[in-house]
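Read the structure below first, then the notes.
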Amino acid sequence: MNKEQLQQMRQAPGFVGALDQSGGSTPKALKAYGIQPDAYQSEEEMFDLIHQMRTRMITSPAFATGKIIGVILFERTMRGKIEGMPTADFLWEKRHIVPFLKVDKGLQDEANGVQLMKPFPELGKLCEEAVGYHVFGTKMRSVIKQANEQGIRDIVEQQFQWGKEILSHGLVPILEPEVDIHCPEKAKAEEILKRELLAQLDKMTEPVMLKITIPTVDNFYKEIIEHPMMLRVVALSGGYSREQANELLSRNHGVIASFSRALVEGLSVQQTDAEFNAMLEASIEDVYQASIK
């Protein structure tokens, strides 16, 4: 594990960019960027286009301001290159950004008010590959739809079970038990989640990271942020607009952003490089300001 990267993730001001759209969410991301579905004929072409968009973002001067401390990548992006260098190496060596890899394979159908991650027996193999690409950590998402005690316990147990396997490969996991912002008893679900997370953290011997939905009650996750086994807590934008997500985030001290959609809002394939860079820089500045409050 890279000690300098560990220090950066523990205490550097800034936020984590999420560029980990997978097959399912890529058409939506491309459409928002101004590329219609009829512009590509195959999955291969679709992934090439999204890689071009990500390359444009990562190579933009806006990405070199030191305000983004980490970036979450999709598998294909990790295996790809930017300006002739493997993506993770380019991020760290040219941008001083810590690379993470999305490792889940999507969600199971809802049961007990939650969606667990699909089983993934190849997790260890993917972790080894990530280590070979000089990736620092991972991220995996499951979703809480209802304030169901059993379901939430299952979610947290699965996240920590995967997390321990990931740690055994020398990678730092970002656990992401997202609470759906439309959950009818969101505050209650968060109470159960916090209790289960603290119970698991108390049993850990190596620190992990956590990605959460911005809580209903400001500063609700304070004990988790201060827990010795918690490296850093980041927040997802979860369907809120960038303005709304930034506003909510700025009220939660010690939590930094890990936004994807809110980061690319307003970017377009039609923009000149100057327009694109200015828009991206403004987005990064907004998210950064909300993260350091």
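Cβ atoms here come from the backbone N, Cα and C positions, even for glycine.
Swiss-Prot lists Glu176 with the feature active site, proton acceptor, giving sequence analysis as the kind of evidence. The active site, schiff-base intermediate with dihydroxyacetone-P annotation in Swiss-Prot covers Lys211.
Residues near Glu176 (active site, proton acceptor) in space but far in sequence (CB under 8 A, at least 6 apart, same chain), listed by position: Lys139, Met140, Arg141, Ser142, Gln159, Leu210, Lys211, Ile212, Leu236. Reduced to three states, the DSSP call for Lys211 (active site, schiff-base intermediate with dihydroxyacetone-P) is strand. Within 10 Å of the C-beta of Lys211 (active site, schiff-base intermediate with dihydroxyacetone-P) there are 22 other C-beta atoms, taking all protein chains into account. In the three-state DSSP scheme, the residue listed as 'active site, proton acceptor' is classed as strand.
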